[in-house]
């Protein structure tokens, strides 16, 4: 006996319920309302360049992305996006936004990217980004910000990239980035920064790239970057930096690239680069350096690329340390490194000038072997301590560890070059003469049997030639002489003279035969 269970609803009712469930699931994907003039792709709405003066109200509340780029929006009111809790990215760049009210982005807990660049924002309340706890990318570049509230970025612990380029910032508040523990990229370039606070970058333990180029920085103390324990690249080009110092002993082992191009650097602390043992790229083109101390160069052990062009290099004995280092450098340098002074070397490559004008008599490929003092007939320089130098009879105080760049005048090297060439040529001639004499003497002393054999061979050859000539001459005479036959006896030729020999003669018509 079988049991039969009958479903209380018929087949048509089941089909209707299934269709309704499918429609309900598709409602978010279909989008309830796409704003006019916008292009909608699933839950991503693109309303760029449509002339909007405010955020459209008809936007789907479940959208994941909203782009309002290149419009005419002038202000962001409080709770402007409160109902857009599902947004993951929001692009508001290239508008005319000048005012951002407190809590304008309230409710955007899932937002990961916020682009506000190329607007007219001059002030941001300290609670502007408080609720954006998942924000990873924030772009505030190309605005008119002149200052930042110390708590502006508080709570942004997942922020990875922050763009503040091309504003009017004059200072960086202490501990501004204290809560940005995940930040890896920070761009503060093209502002009006004049100095850096000691704790201005505190908290950035994961920062790898820092841009400070095109500011108004005049002095750099690398101790201010002490907290940047993961920094890989530092850009400081095109500021007004004249001095590089390091206020404390520490090791910045992560830094690999340092760009100081286009500054006014004249002096460098002797220990600056000792704190950067793994520095691979150092660019210092277009500064005001005229020499570099050998201690500075010897600390650049890991470099693969260096840029030193466009400086005021003085091609005198003071450039010997740099020339020696360049001669042994295994990497590459950007552009040519040319002499700036004196006039007769201007425009010459440093290495060509050093060898062509013989500026360095004891040029060594090992920088550490270079002398640390220079003496010439007119001015004497002797380092007596880290805080003073003697110039002649005067003592000049300097900052401890700073390479001195005092201007001095050196005699023209033309006469010395001519004298040296004459002496060198004379010594070469004398050496050649004595060398030849030495070779001859050694040959006579060490190889007499060989000479005797050569002499004997020569004499034997001469005897053979003489004998051959004699035989030829006798043969010619016998053909024309009065004797046609001669038969000597066995006693020898003297018997003929004594009458014991026989001579058979045949008288010729024109001569007589005599016995």
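Using N, Cα and C of the backbone, Cβ positions are placed for all residues, glycine too.
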From the candidates 126, 476, the one which Swiss-Prot records as N-linked glycosylation site: 126
Annotated transmembrane segment segment (source Swiss-Prot; candidates 422-442, 443-463, 485-505): 422-442
Intrachain neighbours beyond the repeat 'LRR 7' (205-227), with Cβ under 8 angstroms and 6 or more residues off its ends: 165, 181-199, 233-248, 250, 252, 259, 272, 275
Structural state census, the repeat 'LRR 3' (109-131) (DSSP three-state): 0 helix, 3 strand, 20 coil
Tally of residues which DSSP labels helix, strand or coil - the repeat 'LRR 9' (252-275): 3 helix, 6 strand, 15 coil
Per-residue pLDDT averaged over the repeat 'LRR 10' (276-299), given as an integer: 95
DSSP helix/strand/coil residue counts for the repeat 'LRR 7' (205-227): 4 helix, 6 strand, 13 coil
